[in-house]
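Noted in TrEMBL for the protein shown:
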- 18-139: domain 'Type II secretion system protein GspF' (DOMAIN)
- 224-342: domain 'Type II secretion system protein GspF' (DOMAIN)
- 16-38: transmembrane segment (TRANSMEM)
- 116-145: transmembrane segment (TRANSMEM)
- 165-188: transmembrane segment (TRANSMEM)
- 323-344: transmembrane segment (TRANSMEM)
Amino acid sequence: MLWLDNKINKQDISALFLQISIMLSASLPLLEVIQVCAKNTQKPALKHILLEIAYRLNLGQKLSIAFKEHRHIFGDMTWSMIALGEKSGELGEIFKMLSAHLEKEHKNKSKIKRALLYPLLVLISIIGAFVGLVMFVLPEFLVMFDELSVNLPIYTRVLIHLQHFFTHFGLIALIVCAVSAVVLYRFYTRSLNFRHKIHALSLHVPVIGEMIKLNVFYQYTFTLFLQLKSATPLDVALSLSNDTIGNLALKARFMQALTLVKNGKSLSLALTQEHLLDDISLAILAAGEQSGKLPEMLEVCAKRFEEIAQGKIDFLISLIEPLLSFIMGVLLLLLALGVFVPMWDMSSHAMGGV
């Protein structure tokens, strides 16, 4: 059923948890809640999992243990927080918190994807249009220039070289790029060391690297806030928060910070030593540790990272749009100069001949 698992996204899980929270708040029996959710879901993969969870509940197994069997779908934080909800009797509230967390995470990732997808599509369209003009429109003008023995300027010669490259090597270049992309992707998915290096390299990309860090810092602090708010021991909460980190380079540093905490250092000092978070957030966490209000301060940091990330996304969009306009202008200028300068020279010679 692995191929079905891939069809479940975080938005589906968030909606599921919200439904569970609402029905539990209405005092419906837990088994009935899971069965109703399984009946109503339109996702075959989710239905299969919920029916299995209902089966385990019917056998007397705890809900947290049933969810733990599917932690590759729901994550380690989910089953651990459900276990806390079972102990505290606030299972409905726990599912509500998990739903809100997943919804925020989904929105943040969607914002980043939208910020990158639209400019990428525009850039591909611009390049495609330019290649099409060079391949199919320019040759018509070149025939005319050749017949009239027009002296071609540098702009036109550049376009001729591009047209020659696209005609004779374009298909080969596309095949090489496609094969290289497939090989790199397979290597990326199978080699942990290579994936770690790519993740480390991505952190140094201007703007993009900052957005990755902010997203990770938000996930880390917000997840840790939820865990500590639910009375999870700090070392367990840190370990579960580390599991939410997708960037391997940052995850290794957070894991080292966890080791330092287990050895007796405070969280703020451990994060400082590993050069994680920023000075303001570290100061806020240190104040929270001293006052005994670490969960509240983690929530403050999470909101701060979320706001900064939104600002970065807006800045990225504002930066990309003029950059695309510049690229489009350069390509159009090159095309215009390559075509119209020879035509202008041809007209000048004709006028001179008259």
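Placement of Cβ uses the backbone N, Cα and C atoms for every residue, glycine included.
Counting residues per DSSP class in helix, strand and coil order gives 99 helix, 0 strand, 20 coil for the domain 'Type II secretion system protein GspF' (224-342). Taking the domain 'Type II secretion system protein GspF' (224-342) as a whole, pLDDT averages 88 in the prediction.
Helix first, then strand, then coil: DSSP counts for the domain 'Type II secretion system protein GspF' (18-139) stand at 106 helix, 0 strand, 16 coil.
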